[in-house]
Each structure stands twice: as C-alpha cells, then as structure tokens.
Amino acid sequence: MATPLQPFLTKTHKQNPIIGFNILTFVVTLFVALFLVVFLVAPYQFEIKHSNLCKTAQDSQLCLSYVSEIVTTESDGVTVLKKFLVKYVHQMNNAIPVVRKIKNQINDIRQQGALTDCLELLDQSVDLVSDSIAAIDKRSRSEHANAQSWLSGVLTNHVTCLDELTSFSLSTKNGTVLDELITRAKVALAMLASVTTPNDEVLRQGLGKMPYWVSSRDRKLMESSGKDIIANRVVAQDGTGDYQTLAEAVAAAPDKNKTRYVIYVKMGIYKENVVVTKKKMNLMIVGDGMNATIITGSLNVVDGSTFPSNTLAAVGQGFILQDICIQNTAGPEKDQAVALRVGADMSVINRCRIDAYQDTLYAHSQRQFYRDSYVTGTVDFIFGNAAVVFQKCQIVARKPNKRQKNMVTAQGRTDPNQATGTSIQFCDIIASPDLEPVMNEYKTYLGRPWKKHSRTVVMQSYLDGHIDPSGWFEWRGDFALKTLYYGEFMNNGPGAGTSKRVKWPGYHVITDPNEAMPFTVAELIQGGSWLNSTSVAYVEGLVE
C-alpha cells in the first residue's frame, strides 16, 4: 500500500541507498518541524492574537483557557465573545434542572425558598445574556453599554444566589455549579471591556429632565398626579376601581408590553406583597402621594431570607413607581427587612417614600434613577449592586437598636468590570426626629463595603451633623479597603468636612470634576438615552 511519503522514497532508476537515507532523514525532519509549527507556534499565535480579550480579567490565564474552548483562528473579538456567551446560555440552562432537583429533595421551607430565588435569578440571567448577544451584534456604543449593564446584572444574580444558599449552608450542594457560572460571568465582562466600540455615538447628551430611555409620554405622566392620569387600570379598596389589590392589577397587566401600561392606586393602606416579574415590562404604578397611597408588608430575614422579604419587588424592564409609599413594618428587631427591591433595568422611582429599618432599599441590579424621594432606615439601608443615581432625595437615618451603627449604603460590586455603583447627588442626608436628639449615642456613616469592589460616591449634597467625622466604616477588618472606590465631591453641611475622614487607599476626596463625571446620570446609568421619555426631572451632569 502506498504511503504519504512514498513519492519522496521511490526511484524509477537505479537507487543509491545513501541518497535514499538522506531523503528519508530530510522528510522526517521536515514533518517534525511542521508538527512543531502547527501544535506549538499556532497556539502561541492564538494567545498573542486573543490575549487582548483577557487584558482586564482578574485571572488572565483562566480567561484565555475559557476563550480557547470556543475560538477559531479567523474569529475577531466580537465573534469570540458572542460564541462564549452562547455557550454560557447553554450552561445556565443546564444548571436550572440541577438546582430544581436539589430543591425537590429538601423539606425545609426556608431552604426551598432560597433555591426558588436561585431559579428565578438563573431564569432572568438567561434572558440577560441572550439580550447581550443581540446588543453586541449591533456594534454601537449605546448597545455596548446595554450589554455591560446586563452582564453586570448576571454576575450580581449569581452572587446573590450564592449568598442566599450560603446563609442556609446550601452552598456545598450548588457551589461548584455557581462558582463556574460566577467565573464565566467575570470572564464575559472582561472580554466585553476589551472589545472596542465605535465612536460614532455620544452617550452624554447634555442637560435634560430625564435619562434618554424615558419617552416623551412617560415624561408627561411623571409630571402629572395619579388622579389626572388616564390609567389602564385602577386599584381602590372601596371597590370603585377595577381591582381591590395592587397584586391583582399587576398580575392582570399584559406580558412583554412595548408601550406604557399605567396602574393607578387610589389613596389607602394596602397590606400586601407585590412582585412585578420580568414579563411585566413598561409598567407604571402611580398613587395619590407618598403619604396617601401606602403599600405595606412585614416579611423579614428572621422569618425567611433577605432577598424575598420585600414589600414590593420590580424586575420588569422600564418600571416606574410614583407618588407611593412602600414600607416594611417588621421593625429593627427583625434585622434585614426590605421595603423595595428593584432589579428592573431603566427603572425610575419618582416622588416616593421608602420606609423600613435595616436593608430598606435593595437596589439589586441594572440601571435605576431615584428623584424627589424619601428613604429611611438604619443599617445598610441603601444596598445592592445596581448602577443607581439618587437626585434631590432626602436620605434619613433613623434611631437603630442599641449597639448598632447606621450605615447609609452598602454597595455590592464584586468585579472591577461591572458597570455598577451608587451615586448620591444633590440630596440631603439627614437624621430623623427620633435620632436627632440622641445622634451622639448612635454613630452614622455614609457606608461600608459589602463586596470587594464596592463603589459609592456622595457629591454636591448636604450632610447633616449626625455623620461621623470618619465618614465611612469598614465591613470586616481591612476587607476591600484597597479595592473599593469611595468618593466625596463638593458636599456641604456640618457633616461634610473631610479632614478627619478615613485614610483608606480606596477613599478619595474628589477635587477634579472629571473624576466625578463617571458617577453622573449621563455616565453611570446612561441617563441621557432613556430618562427623556419619563418626564421626571433630572440633571445629567454636575451643573443644576
């Protein structure tokens, strides 16, 4: 049988054995050289070609190993990222039945609840990654920002799930799966950060009255009171509306609505827990005023867990809440008890009151904007890992339990490539009437780092005298003090002095406006592209 080398070894005339041996040696040497080129040089060239994709990864070698699973030699960065995300979707879909099986094997109701939360978060994450693939394909700056926001939310979802399971000692059952998903989410963010985007769009669009993702009709709605709005459905306890509970009205709202759907809730106290699921898009809930329409609940961590303890939760994109009070009345003795949890992208909370004690407002994930609202609490009462801006709000520390300290914020950013952070701008950070006379007995701080890359900036705001001179407090020892970013810029009031502030590597007294700009509506939440349509008042930059 002929061999591949036969043409080099066969002679039609008289064969010289020395020449034949030399030819054989040459061919073997050539074959070995080609082998080395293909199997040694080619991977090196791949690594050189695609190493930029992993340049912002915390573990670049691990990132490259993931990239090598799906890369082809002709793939550009965007194509590689898309293939990686497609595989990521499959992995999450495979994880869902694993978590569901474990849930069905557990009898403890609280543990089942934690696993139910994980299933919900995984389901949301599948959609967010799928949407990111479509956004990346458009190759524009605004869509790149969308993808970064959504993938940041995916990582937050996975970390939230792991936190929930860890609190019930369930992480060992799911830890391997979750650790893998968390790692891949971080790699996806690193790859996205390395993919260049066109410069043909400008995300900062000057001053306006809302981020760009708020339509002109939404603007008009947000300039109106509830009774003046032509609502799709009305909620009234006395039977004069379409429904007597908000939960019924939300459940009846159309799924995946592309236009604004308004539910008007008349004056009254509604004792219920409400969830605006991911399918309830572009939903607006409006009441008769923050002191007139009250939604109240009392779920808490003592009786369950933090994530589902909210009185109202919103996940559906484009959510608007206006002229309503959301409260959790569990009290300080019940520890974490959330009034409002928001994971809805491009959401607006306007002229609302949010009342509780510990963990009042869970700004969980995605882009959020709060305006002219009143938020009260004690420990970590604004927490989560959203990209969130508060403007013209009153942020009010209450009297905590004995031996407790007030923490205004506890930001939960876990990766430097996440486009998340808490920005408090043009706000009043003040003491409640019950705290004010005893504020020397209960210290109040601007925040503490919940996660390793915690990021919070307080700027152009009034800080009352209850703020401790050190300003910020550690979470545990020196955890995150080098990796966090905490900043203060142009604040005023008796608590605004920075001479006695903490000396952490990650703390910054900002003097350059350019350093403050990333925490504005324009840049942190790309507000110029979506708030315009809501009609809520806002400032996009640093100048009112």
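Any Cβ shown, glycine's included, is placed from N, Cα and C.
Here is what Swiss-Prot records for this protein:
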- ASN174: N-linked glycosylation site (CARBOHYD)
- ASN257: N-linked glycosylation site (CARBOHYD)
- ASN291: N-linked glycosylation site (CARBOHYD)
- GLN358: site 'Transition state stabilizer' (SITE)
- ASP359: active site, proton donor (ACT_SITE)
- ASP380: active site, nucleophile (ACT_SITE)
- ASN532: N-linked glycosylation site (CARBOHYD)
Note = All chains considered, the count of other Cβ atoms within 10 Å of the Cβ of ASN257 (N-linked glycosylation site) is 16
Key: Which listed residue (ASP359, ASP380) has most other Cβ within 10 Å, given these are active-site residues   = ASP359
CB contacts for ASN532 (N-linked glycosylation site) [other CB atoms within 10 A, all chains] = 23
Task = Return the single residue from the recorded positions list (ASN291, GLN358) that has the minimum number of other CB atoms within 10 Å.
result = ASN291
Task = Do me a favour and check the Cα-Cα span between GLN358 (site 'Transition state stabilizer') and the residue listed as 'active site, nucleophile'; whole Å is fine.
result = 6
Ask   = Between ASP380 (active site, nucleophile) and ASN257 (N-linked glycosylation site), what is the CA-CA distance rounded to a whole number of Å?
value = 34
Task = Do me a favour and check the Cα-Cα span between ASN532 (N-linked glycosylation site) and ASP359 (active site, proton donor); whole Å is fine.
result = 30
